[in-house]
Structures are given as structure tokens and as C-alpha cells.
Amino acid sequence: MIYFLYLLFFILGACIISFLKVIAHDYPQISLSRRSHCDYCGRILRWFEIIPIIGYFIVHGKCISCKNQLDFSNPFLEFTGGLLLCFFLYIGDFSYLSFFVMLIISGFSDSFFGYVYPIFYLLAIPSLLLRFNHVHWLVALTIYLTLILLHKKYPLGLGDIEVLTIIGLLFGLNSFLYILLLACFFCLIQYFWYKKRAFRFIPYLTWSTGIIYLLSYLMFRQNLL
């Protein structure tokens, strides 16, 4: 029974990632009648092609019609989403779920358009209420004011500042610094690999937050043993 439950949560997590990507791409022009289509030829996808993860491998990673290679990041992100939801089930704590939903949809939006709609931040409210900490409010205020001052001199996006503030509000100063450093490290890798000088920062923050959250849990569990 427990394995079936994990399978169910894995499928649900993969579907959530796929759904969040569509919302981030289409917002605010969301249509309930929208049909998934090939990004290259515009062909409407058949039902088995839109199955999370599996659909990609059924068509061998290529559009059936135009034969263009499909982006492997789609099944990879869906797989990661499935693992994330299974991880929450494993530790028995879903208090951070709404925060990660906010972070993921913001990462998609930043990746697509370089912009994050402020309404997405409301998704993090349940996590902020469940993990309320008075000290973290002071940390978040300090982070926000510091980054606003830096924004006048350095090319920091307002979306980056807002997301970083929410991260500080939820995780506190120590975890915030680890998350920020890891995200900057990812940017450095991107810079040396692709020689790019401009970055969409929130996707890196999303990955670094997930990694630091996982490592923090593992370290906490190790201390209990």
C-alpha cells in the first residue's frame, strides 16, 4: 500500500510541475480550452504525448510530425517534481509545499519572460503562516532593504529581490546565505560554460533552495541519530 501511495504522489508531483509550467507560460492569458501543441510545427499533441515523463519517451524525444527534437528538460523537471512530492510524503511535512509551488512557478516565469507576476507570491502564504518566526521577519526586512540599496547600483531585478526576501523570511539568515551562495555558484558555472553575462536568477534560486532544504533535513536527521 505504501508503495502505491508513493507512486500516486510521484505522478501527482510530475503533473503539478507540468501544470505550473503551463500557467507560468500563459499567465495572464489563461484559456481552459487550450490544447497542448508542438512548439515547432504547432500540431496538437495526442493524449499519450502529454503524459508526464512517459510521453517524451513514447515518441523517442521527437515530434511525430516535424521530427524536431523535444526539450529533455520537460521530463527531467517532471521527474524532479515527482521526487519532491515523494520527499514531502517521506518526511511527513508538507508545510513548505506552497512555498516551493510559488518558487517553481516564479522560476518558470523568470525563465520564460524575465519577469515574475507578484500575484504568484501569494502562493507562499500557507508556508509563511505555518513556519512563522518573529526573528525571520527582521532578517527579511534587512535583506530587502540591503538589496534595494544594491539595486540602485547593480543590475538586480525586483523579482530577484522579492523572491530572496521571501526565502529569508521562511528560512532565516544562515540558510538564506547558503542558498544565495549556491545560486551564485550555478551562475558562475553558466558563465564559464556559455560565456553569458546576463542570467535569469530565480531558476538558480529554485534549484539551490531545494538542494539546501534537502541537505538541511539530512544534517538534522543525522544529528538525531
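Positions of Cβ are set from backbone N, Cα and C atoms, glycine also.
Curation plays no part in TrEMBL annotations; they are all automatic predictions.
Fair warning: this is a prediction, and the values are worked out from it, not measured in the lab.
Taking Cβ pairs closer than 8 Å, the transmembrane segment (6-24) reaches residues 30, 34, 36, 50, 52-53, 74, 77-86, 88-89, 101, 104-106, 108-109, 112 in its own chain, all 6 or more past its ends. Feature annotation from TrEMBL assigns transmembrane segment to 6-24 (among others).
Helix, strand and coil counts from DSSP across the domain 'Prepilin peptidase A24 N-terminal' (11-88) read 41 helix, 4 strand, 33 coil. Per TrEMBL, domain 'Prepilin peptidase A24 N-terminal' is recorded for 11-88.
Residues or ranges marked as transmembrane segment by TrEMBL: 44-61 (among others).
If you look up TrEMBL, you'll see 81-105 (among others) marked as transmembrane segment. Same-chain residues lying 6 or more positions outside the transmembrane segment (81-105) and placing a CB less than 8 Å from one of its CB atoms are 5-6, 9-14, 16-18, 20, 23-24, 52-53, 120-128, 130-131, 163, 166, 170, 202, 205-206, 209-210, 213-214, 217.
TrEMBL lists 112-129 (among others) with the feature transmembrane segment.
For 135-151 (among others), the entry in TrEMBL reads transmembrane segment.
Annotated transmembrane segment per TrEMBL: 163-193 (among others), in sequence order.
What TrEMBL records for 199-220 (among others) is transmembrane segment.
Below 8 angstroms of C-beta separation, residues 158, 160-161, 164-166, 168-173, 176 of the same chain, each at least six residues beyond the ends of the transmembrane segment (135-151), sit close to that stretch. The stretch from 44-61, 112-129, 199-220 that makes the most Cβ contacts under 8 Å with the transmembrane segment (163-193) is 199-220.
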